[in-house]
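Here is what TrEMBL says about this protein:
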{"type": "ACT_SITE", "residues": "36", "note": "active site, proton acceptor"}
{"type": "ACT_SITE", "residues": "263", "note": "active site, proton acceptor"}
{"type": "BINDING", "residues": "311", "note": "substrate binding site"}
{"type": "DOMAIN", "residues": "242-370", "note": "domain 'Alanine racemase C-terminal'"}
{"type": "MOD_RES", "residues": "36", "note": "N6-(pyridoxal phosphate)lysine"}
Ligand SMILES: *Cc1c(COP(=O)(O)O)cnc(C)c1O
C-alpha cells in the first residue's frame, strides 16, 4: 500500500483538455504540449505518453535535465527546450537530440561547431523577445540575428517563436503589441527570403483569448491540466482539472475547551470539538499560509484547517460532521460529492497562481494514474 496521501492524475481529463484545445485552435494548428516541471507536478512521463498518443507535434520542457529524463524513460518525440543553455551543456543537447532555443550568436556558433564535430545538424528555434524580457533576441535585432545563423552550416533553423507576458489579461494592448512585433519580424524574414516554417507564440492565455497569436503551432501548458491562468480569461474552452490531491483521516480526537491544537498554540478550542489529524503537511506542498485558512472535503462537506499546518500533518475541525471515521478519504484539491475545492481558489487564497499550487505538490506524494475510460471499457495505461 502506498502512502495514504496521494495525487490522482485523470488521464481521461488530460486527453479531453488536449482535444478541447485542438478544437479551439482548429485542426490545422500544431500543438506543443508543455511538460516542464514534471508536467506542472502531474508526472511528465505519463502525461507525455498521452499527449503524444493524441497527436501533439512536440513536447516543451524548460531545462535540459527534464529532456534527458524523458529520453531515458524512452520518449523519442521531438523535445523542445525553451530555457537557456550553457556551453558545457551543448554536447548533451546534441547527444539527446533536443531542439534548443537560440538567442545568442556566440552560443549558436559553438552549437554549430560541436554539431559539425559530431557530424550532425541540430534543429533549432529562434527565440524572439517581443516584450517578455527573458532570454531571447530583441525583436528589432531578430532579422539580423537570423541572417547570421544562416552561415552556421550545422544548424537548421526550423522554428521561430516568442512568448507572451500578459496573455492572461483580456484584450491586453500589450499582447497585441507583442503579436504585431512578432508579425513584423516574420514579414521582414519573408522579404529577406528566409521563411521559417514553425512559428509559435501562444501559451494558454493566448490560446483562450488571442487567435491572432496562433501561427503554426500553439504551446499550452496549464490549460492541458484543466486550469485557467487567471480570472481574467474567458472560461468557454471546456477544460477540466486533471489533478486531485487526496489523503485519509489518520486519527480523530475530542478536544475540551482550553485544549490546544498544534504548534504555537495557534488554535485554542473554545467548545467541545472533534478534531481529525490528516497525514500531510507543508513538506507535501500544502502551504503553511493555509494554517487556519484552508479547507478540505470529508464526506462531501467542507472542514476547516485549524491550527498551524505542520511539516507532515495538519488538523481539521469535523465537529459538524456525522460519522466521520479514521480511514475516510479526504479531498484537499478536487471534487467530492457536490462540493469542490479548486486549485484556482487555493491559489487565490495564497495570493499566487494555480501553476505554483500544482508544481508545489512535492515528490513525496505518490502520483496515482487513473485509468483511461476508453470506448472499449476500462484500460490500464
Ligand atoms: C510555460 C510556457 C508555456 C506554457 O504556458 P501556460 O501558461 O502554462 O500555457 C508556453 N511557452 C513557454 C515558452 C513557456 O515557458
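Even glycines carry a Cβ here, placed using N, Cα and C.
The number of other CB atoms found within 10 A of the CB of residue 263 (active site, proton acceptor), across every protein chain shown, is 14. Remark: secondary structure over the domain 'Alanine racemase C-terminal' (242-370) totals 22 helix, 50 strand, 57 coil, with classes taken from DSSP. Counting every protein chain shown, the number of other Cβ atoms lying within 10 Å of the Cβ of residue 36 (active site, proton acceptor) is 19.
Long-range Cβ proximity for residue 311 (substrate binding site), meaning a same-chain Cβ under 8 A and a gap of 6 or more residues, is found for 281, 282, 283. In this structure, the C-alpha atom of residue 263 (active site, proton acceptor) lies 36 angstrom from that of residue 36 (active site, proton acceptor).
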